[in-house]
Amino acid sequence: MMDCDHLLRLGMTAKKILENGKGILAADETPKTLGRRFEKLGITNTEENRRKFREILFSTKGIERYIGGVILNQETFEQTSGSGVPLTELLKKKGIEIGIKLDKGLIDYKEKEKISVGLEDLDLRCKSSAFKDATFAKWRSLFYFYDGIPSEDCINENCSILAKYAIICQKNGLVPIVEPEVFLEGDYSMKRSYEVTRQILSTLMKYLNYELVYIPGVLIKASYVTSGQLSNEKYTPKKVATFTLRALLSTIPCGIPGIVFLSGGHGSEDAIGFLNAINMERGCRTWSLSFSFARALTDGVLETWRGDDSNIEEAQKILLETSFKACRGAEGKLWDQE
C-alpha cells in the first residue's frame, strides 16, 4: 500500500511535467529506429552520432520553457556530453523531468495483432540504479485496424499489461505514461477510429482501476481520432478535435491529470494543428491536453543538422521554434500573436 506522501509526489510530478502548457519530448527511439531516420539523411548510425544528436536536443537554450519532460532510451542514461557531463544532467539542470521507456517492444498475438512485453523483470528495472534520475516512465501498446481487428481479446490483454506496468511503476515512485497507440496505417474511417478508441480507452480505465493504480498519478498518451492513411476520407483539424475530445470525455475520468498526444505518423504542422484545435474546443474537462512528440519535434532538427556540427545552432533554433508552437497549441493559442 502506497502512503499519502508517496501518492502526493506522484500526483505533483505528473502535474509538473505539463504545467504552463509544457509537453513532452519523446527521445526514446531505439538505436535501430533512430538509425533508420539517420540513413534517410546520409548520417552514419554510430553511438557517437546518436549521442551527439541527443546532446543537440537537450542542450538547446530555453527548451525548458516548452518541454516539461523528456522520455529517454536506456542507451541515453549511459551517455555524456562532449564535455563529459551526463546527458541526464543537462536535463536536470534545466528542471526537466526525466522519463524512461520500459516496454521491450511487441510480439505477435493471434492473427495480425501485437501485444507489448517486458513485465517479467519490470520491477527490477524500475529499481535499477542506472535509471535513478528518472521520475516517470512510458509503455507503449499498439493496435492495428483491419476487419474485426483489434479483437476484444487483444484490447483486454494490452490494457491489462499497461495497467500492471503502471502499478509497478507507481510502487517504485515513477509516474507511468500509458500509451495505447492506434496505428495510423490502414483504410479505416474516422467513425470506426472513434468507436474503437472509445473501446480501448474505456477498457484501459477499467484495468487501471482493477490494478488499484493511483489515477491522479498517471498520464495517458493517446492517438488523435482520424481516418487511416489509406482512407480517402478527408478531415479538418476541427473535425479531428470534435471526434477526439468526444472520445476522451466519454471515457477519461476527471482524476487523470493530463493526456498527451503522440504525433503517430502525422507531420509536425498537422500534429500541432490538431492539438491547437482540440484545446480550442469547449468542453467540461479537468485534465490538461498537451503533446508527447518525437518526429513532430525533431524531424526538422535532424534535417537541418545532417551530421554537420556547423549546423547545430540552426538545428537548435528549429527545435525551439517547433516546441514553442507545440506549447501554444497546448494552450489553444497557436494563432494568437499577442
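Every residue gets a Cβ built from N, Cα and C, even glycine.
Sequence-distant neighbours of R50 (substrate binding site) (same chain, six or more apart, CB under 8 Å from its CB) are P31, L34, E75, Q79, listed in sequence order. Annotation source Swiss-Prot lists substrate binding site at R50, K138.
Listed in sequence order, K138, W139, R140, S141, L162, I220, K221, A222, L262 are the same-chain residues at least 6 apart in sequence whose CB falls under 8 Å from the CB of E179 (active site, proton acceptor). Taken from Swiss-Prot, the feature active site, proton acceptor applies to E179, supported by similarity to another entry.
Feature annotation from Swiss-Prot assigns active site, schiff-base intermediate with dihydroxyacetone-P to K221. Around the Cβ of K221 (active site, schiff-base intermediate with dihydroxyacetone-P), a 10 Å sphere holds 23 further Cβ atoms from the protein chains shown. In the three-state DSSP classification, K221 (active site, schiff-base intermediate with dihydroxyacetone-P) falls within a strand.
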